[in-house]
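Now, the feature entries from Swiss-Prot:
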BINDING   THR29, LEU30, GLY31, PRO32, ASP86, GLY87, THR88, THR89, THR90, GLY413, ASP492  ATP binding site
COMPBIAS  530-540  compositional bias 'Gly residues'
REGION    521-540  region 'Disordered'
Amino acid sequence: MAKTIAYDEEARRGLERGLNALADAVKVTLGPKGRNVVLEKKWGAPTITNDGVSIAKEIELEDPYEKIGAELVKEVAKKTDDVAGDGTTTATVLAQALVREGLRNVAAGANPLGLKRGIEKAVEKVTETLLKGAKEVETKEQIAATAAISAGDQSIGDLIAEAMDKVGNEGVITVEESNTFGLQLELTEGMRFDKGYISGYFVTDPERQEAVLEDPYILLVSSKVSTVKDLLPLLEKVIGAGKPLLIIAEDVEGEALSTLVVNKIRGTFKSVAVKAPGFGDRRKAMLQDMAILTGGQVISEEVGLTLENADLSLLGKARKVVVTKDETTIVEGAGDTDAIAGRVAQIRQEIENSDSDYDREKLQERLAKLAGGVAVIKAGAATEVELKERKHRIEDAVRNAKAAVEEGIVAGGGVTLLQAAPTLDELKLEGDEATGANIVKVALEAPLKQIAFNSGLEPGVVAEKVRNLPAGHGLNAQTGVYEDLLAAGVADPVKVTRSALQNAASIAGLFLTTEAVVADKPEKEKASVPGGGDMGGMDF
């Protein structure tokens, strides 16, 4: 395919037009009085959202240079969303301000590389200031306030705080659509996975269709169990101990399954067989998680363990196991606390090293099952459009709350960024690097000014007033009052603010140092063939 090339000023201006087109659509959503954006979908109802990254993803521009500019800013929003779960609109507003100021200076003759170095040093200084001024999140109320700001709804904030209180900071909080109105919170104690009993004959509570085992032994096998002679020696030992047995294996079939079922029906011996969750390496890892949680070992030929030689010391234990047709919950496994902590640390390390979103999500689920628990927030609404929008807001707020717990909070509303600007004078930079730092200084005002503008106030006046207030005091855009924002519950997670600034600066540096853009030439539409043109003039 033929390419089209643009150089220096023309190239940079083309990219900037694309950036502005996208940023102007996104920035109207910033702040408590920000508006929504309607996104048309090819199929189904349109989506209404105020989430920066969702809006950015939908924007496709026709001009090849503008398209590349917009794609670069999408990257800012997406990266911020991946790292912090929120702050995508702030990142976009910062990127636009940095690029606008930067290109003005490049056009005036400044050296782009000098500007880039100045921007990087200034961002490093601001990040340091943010982390130094962060306040740890200690109370349920602080978590609720932070989540409520992200979701724009206090009831959502309260529910997320309650969920985090129950499952711990490492716990997984998932959001599901509900057929009823309002919000509901469901909690799972212990480790739950999505596999139920292999046979309905294992049920101990016919009314609830559940198999409940109190204080059972837990046998974990990495292969299929099909012959009784392999299982018999171990079964006799378990029966002798007078306890029920949960078998988790790749599969339990044939005479092994029928023996377990017959003994259950006769009342001789209570047991339940369940298939192990996952596939391949993930199944092995999850079985190992269960072994550590319950204090047992996985019976696997890879490590030289076989069923016929197994004894009770290789079995795990738990206070209670509940198995339904779809899922199994292990409550209070008897595993060693240090071993569990070691496994948690190992999974955390794997999450940090993984560059696949899917793998990270699965590892996060495993981590939650070991370290915390699982909470499900069920959201309902009158229409499908409202339901999708609400679910999206709650998911963002959950990630926002987790980010707050991780690195602490600072005053929200764009105030912390603006009030961090004076610290840049300490850098003592010269020449184009000083100009680069000044670009950051100007850009730090952009989020606050945009929040003020979206609230119907004069941005310049608000920025000047906030600049002269004590640290942490600023405009509460929801009420229009100038006050101590942390005390008023207007807070942003440091991780969100920091990521927004770092990602915006990264893309701005690329914009400023661009000297040429190579893009695909737009294809001209081929003229359509007139009707009957290929028929040799024949009539039909």
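Each residue's number is its place along the chain shown, starting with 1.
Every residue, even glycine, has its Cβ placed from backbone N, Cα and C.
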Largest separation between Cα atoms (Å) of residues that the record links to ATP, namely THR29, LEU30, GLY31, PRO32, ASP86, GLY87, THR88, THR89, THR90, GLY413, ASP492: 16
Lowest local Cβ density (other Cβ within 10 Å) among binding-site residues: THR29, THR88, THR90: THR29
Around the Cβ of GLY31 (ATP binding site), the count of other Cβ atoms that are within 10 Å: 27
Neighbouring C-beta atoms (10 Å sphere around the C-beta of ASP86 (ATP binding site)): 34
For ASP492 (ATP binding site), nearby residues of its own chain (Cβ under 8 Å, 6 or more apart in sequence): GLY87, THR146, ILE149, ILE409, VAL410, ALA411, GLY412, GLY413, THR416
Per DSSP, three-state class assigned to ASP492 (ATP binding site): strand
